[in-house]
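In what follows, a structure is listed as structure tokens, so that the remarks can point back to it.
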Amino acid sequence: MDIQALWLTARLALVSTLILMVIAVPLAWGLSRWQGAGKALVQAVIALPLVLPPTVLGFYLLIAFSPNNAFGQTWQALFGTPLAFTFEALVIGSVLYSLPFAVQPLHAGFCQLQPALLDTARMLKLPGVARWRYIVLPAIAPHALIAAGLSFAHTIGEFGVVLMIGGNIPGETRVASIALFDHVEALDYTQAHQLAAVLLIISLAMLAMLYWRQGKGGMQWRVM
Amino acid sequence: MACHVSCQRGDFTLSARLTLGPDIDWLGVVGASGAGKTSLLRCLAGLESAAQVEGFASWAHPAGDNIVLVSAQTPLFPALSVEENLQVVARYNGVTDESFKSVVDDCECRHLLAKAVTALSAGETQRVALARGLLANPSILLMDESTSAMDTKLRTRVLHKLKRRTQGVCKVVWVSHDWQDIARYSDEVAVLRQGKVTIQDMPANALSQAEASEPVSALQGCLLQGPIVEHEDEFTVFAVGENKVVTRAVEQGEKNASLLVDARQVLVSRTPLAPAQIGYVNRLPVKVKSLDTDSETGVQRLTLNCGNQTLFALLEAPAARHLAIQSGEAVYAYFGAGSLPEPARA
């Protein structure tokens with residue numbers, strides 16, 4: 001069994017999801033409040049990974065990560081190592097690749113938040129922290145759960161981007177989907193079957209859990 | 001002190017001028033739907049970014065910007081229980097346990113504290129919203145139909161306690177479709193029409209002027225109001241000029257009493273009938289000021305004056321023909337004391 005590849009995949013999905021949630025919450029909040037002219041363009045950029053072949057994203061990232069380019073150079077100057085073909089490169093790629101899966105559910109949640117609730121809270125002199133704690137967070141909690149779940153599951157399912165920017169270094173960039181591809185190329189169907197089944201079951205279980213929670217009419221999140 | 005509120009939204013223009021003297025504590029606002037009542041209160045509350053409000057905050061003493069709006073639709077915080085809704089506001093407004101309890105009791109919310117907000121009826125939700133608004137220690141409280149879903153008895157109790165609680169602490173501007181309430185608790189009433197204040201006066205005067213300019217078909221009634229003369233068991237007697245009018249008992253401590261007289265239930269007669277001859281409690285000698293007839297139904301509206309107060313009566317077409325009342329004629333108006341059960345609300 002490819003325990004190493006599975007563990008790497010899980011680590012990548014977890015780190016990417018955490019970073020995504022930190023980025024996506026303020027991004028989705030800002031988007032839901034913003035009525036400016038450029039909103040559609042920003043939304044389109046965020047949604048691009050949904051329709052773009054992953055290899056296109058991977059290709060541009062590979063170019064950006066190259067030590068010949070500003071981003072790659074800055075990285076190397078800061079951390080002393082090149083960025084391409086490292087775990088960090090995969091994390092950056094995954095965050096971009098799964099961004100719409102994190103932003104869109106949260107954006108929907110923020111849009112559904114009744115403005116009257118926040119107006120009322122402001123009028124009743126609740127400070128910003130209290131408004132978030134007692135009103136905003138409970139309201140978006142079910143959406144945040146979906147955002148995190150989808151980000152995690154989508155990162156597990158990543159292949160094209162990883163192939164372009166990660167290569168195939170065991171323990172560093174050889175995630176489960178790449179390992180599966182290797183097994184098939186080497187005609188090792190036994191190993192391929194095992195890995196494919198594990199990925200299938202994990203993804204199915206995660207999605208089933210998400211939909212089950214959603215079906216329960218959203219989450220009751222007690223905060224006091 | 002003049003307060004001017006203006007706001008432009010789509011093709012609706014609000015440009016309302018209110019007179020807010022130190023002797024006015026409760027200002028009632030009435031008007032047809034779409035007249036701009038809700039917009040006016042939202043502007044006063046600072047919820048409309050396009051609104052310009054001048055000379056409002058200085059009405060409160062001491063002048064403060066602590067203006068709280070409670071409307072019929074004010075949402076409770078859905079993730080919190082009733083008690084948490086109240087406590088979180090109390091905490092950030094430095095409310096003591098003692099005043100927390102008295103607000104909860106005044107709004108009759110004690111038995112609701114443990115409930116989830118989704119388990120409340122509309123009337124219960126309004127009581128909690130009102131209590132929560134009071135816990136923010138407003139210097140001016142704005143109420144937009146904020147007691148509309150409470151039944152009559154409960155509403156009377158809550159408003160009475162609210163009136164006492166706000167005395168000397170908090171000014172009130174309120175919108176209600178219930179003229180009896182508006183008349184009983186307001187010091188003055190502003191009538192809003194198409195975004196403008198057309199009348200601001202004592203409740204009885206404001207309401208009768210407002211009604212007189214309505215078409216005959218829209219007429220509901222008017223208010224008689226006057227100083228209390230005596231209390232009988234279940235009734236209160238107040239003076240209208242030299243005459244006495246009987247109305248439902250008002251709470252002890254009130255100086256004035258009022259009676260909403262439904263124009264459809266006013267009987268007009270040329271002869272003075274004694275109480276033993278007619279089943280109505282009140283009789284007032286009145287002078288017919290003017291007559292209008294609805295072209296569609298032939299219903300005649302009599303505008304009747306008793307001293308400086310106005311009363312309306314409606315006559316069906318045949319009755320109007322038989323009576324053939326002339327303007328300037330002296331007649332008698334008969335009506336009840338308003339203690340009959342109200343028809344069930346839709």
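Quick reminder: no glycine exception, Cβ is built from N, Cα and C everywhere.
If you look up TrEMBL, you'll see A:6-210 marked as domain 'ABC transmembrane type-1'.
Under the heading transmembrane segment, TrEMBL lists A:6-29 (among others). Long-range Cβ contacts of the transmembrane segment (A:6-29) within its own chain (Cβ-Cβ under 8 Å, at least 6 residues beyond either end) map to 46, 87, 90-91, 94-95, 98-99, 102-104, 106-107, 109-110, 144, 147-148, 151-153, 155-156, 171-177, 195, 198.
The feature transmembrane segment is assigned by TrEMBL to A:41-63 (among others).
For the transmembrane segment (A:75-97), same-chain residues at least 6 beyond its ends with a Cβ under 8 Å from one of its own Cβ atoms are 8, 11-13, 15-16, 19-20, 23, 49, 54, 57-58, 61-62, 65-67, 154-155, 158, 161-162, 165-167, 169, 172-173, 175. Residues or ranges marked as transmembrane segment by TrEMBL: A:75-97 (among others).
Sequence-distant contacts of the transmembrane segment (A:132-153) (same chain, six or more residues past either end, CB-CB distance under 8 Å): 13-14, 16-17, 20-21, 24-25, 98, 101-106, 108-110, 112-113, 117-118, 121, 126, 203, 206-207, 209-210, 213-214, 218-219, 221, 223-224. Here TrEMBL flags A:132-153 (among others) as transmembrane segment.
Packing against the transmembrane segment (A:192-212) from elsewhere in the chain are residues 1-2, 5-6, 145-146, 149-150, 152-153, 156-157, 176-177, 179-180, 183-184: each is 6 or more residues past its ends and has a CB under 8 Å from a CB in it. Sequence annotations record features per position, and here TrEMBL assigns transmembrane segment to A:192-212 (among others).
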